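*Asks:* Got these off TrEMBL a minute ago, pasting:
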type: DOMAIN; residues: 6-87; note: domain 'IGFBP N-terminal'
type: COMPBIAS; residues: 86-101; note: compositional bias 'Polar residues'
type: REGION; residues: 86-136; note: region 'Disordered'
type: DOMAIN; residues: 156-234; note: domain 'Thyroglobulin type-1'
Amino acid sequence: RTINGKPIRCAPCTPEKLSQCPAVAPGCAEVLREPGCGCCLACALTAGELCGIYTAPCGSGLRCTPRPGDPRPLHSLTRGQALCTESTEPAATPEPQTQDQGEPEAEMENTAIISDPGSSHYLPGPSKPYDPRAAADAQESMKAKLIAIRKKLVEQGPCHVELQRALDKIAKSQQKLGDKLTRFYLPNCDKHGLYKPKQCESSLDGQRGRCWCVNSWNGKKILGSTDLPADAECP
């Protein structure tokens, strides 16, 4: 199917999705795939049973159609309050229905609703009616995941990685050398996990350690910047 000439691509039915599908009840007269982009098989509904875009599909020769004169046909379809009725028209040319202003096509045959023309939306099955609170919770969850990923990237920035190695190395050296360790280098990192332009040695003997300029991305010394004065700035 297409929207504005563009194909609607469903997410692939992976083995993981298929493994989560519920079992079809034994003795089912007709087994069909779920409507829209659903991956699971379901027991087809019979004539007169309640149906909707989130329910099992109607059986062969049937269509899920709002009741005649229904003032809110789209509401009935999304709430599973339409009926499986015998199809009197070919599937490609559905009979037009009376619609409320602003409502999309009221009659459909096991298709997914696309709320934003020109873009692809997936309705994995089994689905539930749209819940604004659930959508907001999902958005907050995604935001929290992005923050956690960003924090992890900062913690694993090149400067922070080298800093952790330097701390481990100093700890081992102190165990071996005791008070003999007087000078060492700890990378000077910024809040993004990168190197600050100016790097200096640390000293335990009261003497000023050497300073130099580096590349912020990889910490490599910039030629000609060794033994800088204490008050010097790096570009």
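Glycine too: its Cβ is placed from the backbone N, Cα and C atoms.
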*Asks:* Is it possible to list how many residues within the domain 'Thyroglobulin type-1' (156-234) are helical, extended or coil according to DSSP?
*Replies:* 23 helix, 16 strand, 40 coil
*Asks:* Take the domain 'IGFBP N-terminal' (6-87) and count its residues per DSSP category (helix H/G/I, strand E/B, coil), listing them in that order.
*Replies:* 11 helix, 21 strand, 50 coil
